[in-house]
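Below you'll find the structure, written out as structure tokens, and then a few comments.
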Amino acid sequence: MASADQGRGGALASPGIAARPGTLLPGAEPFELGASGDVGVLLVHGFTGTPQSMRPWGESLAAAGLDVRCPLLPGHGTRWRDLAGTGWRDWYGAVDEAFGQLRARHSQVFVMGLSMGGTLTLRLAEERGAEVAGVVTVNPSLGTDRWDARLAPLIARVRPSVPGIASDIKAAGAREVGYDRVPVRAFISLQELWRITVPDLSRIVCPVLTFRSVVDHVVEPSSGRRLLAGVTSAPVTERLLPDSYHVATLDNDRETIFQGSVEFVRVHAGTPAQRPAAVDGDA
């Protein structure tokens, strides 16, 4: 369930600044960026996280001339107890609704997600078929090898939450806005999402680009293997991130993700999306 290496980084959310019900944590707001055009991009944040982890990515995509939307998933961005009252159908419903709104404005829509956000984008591609122009995932979550995950229903009876998983980031000073606790009931629902998504990966018909951190203390390498083995009806490409942990969108390899995803859209949308301006250290 929660990573065995949770001390690294630490979430911005803590008991001292925990939000009241319905009060957003600082930086947790959903966002829309960019100008209207032919191509839209839906960004989806991860489990217990917020759009804050996606904003730099969104800004890069918007700078390339794309219309970007990143919703706040139900139960997220306030306090962990609010997440305990939601499940994967709520999270997926919000993603599907946002996708439908983008599809109403654009001829092509790409979906991109971090961690569970990647899982939700893959599920969307399974369900929406050719309506999805392409999928980009960063350390998508498709299962776990941890033995104690099977005990989650029993744990939930005596312990409503476990230590959080936010801010697994290598870069010094970088922090993710997220919960300091993981509600066990929500984790059980995440397991249900894995069980329906993995067997249907072969239904995906759009191109897939996935970024995987070589060192990730939250999602195991087996998730990446499940993705590569499961997507059999569409091209799938994996790119490794050698200098980032789980929240790679805020980490040292973030420019690799940003530029790679813009190039992915440019190639598969057939539109002249511009590359973001180079930053120090770019090749």
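Every residue, even glycine, has its Cβ placed from backbone N, Cα and C.
Look at SER115 (active site, nucleophile): DSSP puts it in coil. Spatially close to SER115 (active site, nucleophile) yet at least six residues away along the chain are GLY46, PHE47, GLY49, VAL138, ASN139, PRO140, SER141, VAL218, VAL219, HIS246, VAL247, judged by Cβ distances under 8 angstroms. What TrEMBL lists as active site, nucleophile is SER115.
Listed in sequence order, the residues of the same chain lying 6 or more apart from ASP216 (active site, charge relay system) and placing their CB within less than 8 Å of its CB are ASN139, ASP168, TYR245, HIS246. According to DSSP, ASP216 (active site, charge relay system) is assigned to coil rather than to any helix or strand. Look at TrEMBL and you will find ASP216 (among others) tagged as active site, charge relay system.
Within 10 Å of the Cβ of HIS246 (active site, charge relay system) there are 29 other Cβ atoms, across all protein chains. Annotated active site, charge relay system per TrEMBL: HIS246 (among others), in sequence order.
Annotation comment: TrEMBL describes PHE47, MET116 as substrate binding site. All protein chains included, PHE47 (substrate binding site) registers 29 other Cβ atoms within 10 Å of its own Cβ. Reduced to three states, the DSSP call for PHE47 (substrate binding site) is coil.
As annotated by TrEMBL, domain 'Serine aminopeptidase S33' applies to 41-251. In the predicted model, the domain 'Serine aminopeptidase S33' (41-251) has a mean pLDDT of 95.
In the shown protein chains, 29 other C-beta atoms lie within 10 A of the C-beta of ILE165 (site 'Important for substrate specificity'). Under the heading site 'Important for substrate specificity', TrEMBL lists ILE165.
For ILE165 (site 'Important for substrate specificity') paired with MET116 (substrate binding site), the C-alpha to C-alpha distance reads 12 Å.
Just so you know, the Cβ of MET116 (substrate binding site) picks up 25 other Cβ atoms within 10 Å once every protein chain is counted. In the three-state DSSP classification, ILE165 (site 'Important for substrate specificity') falls within coil.
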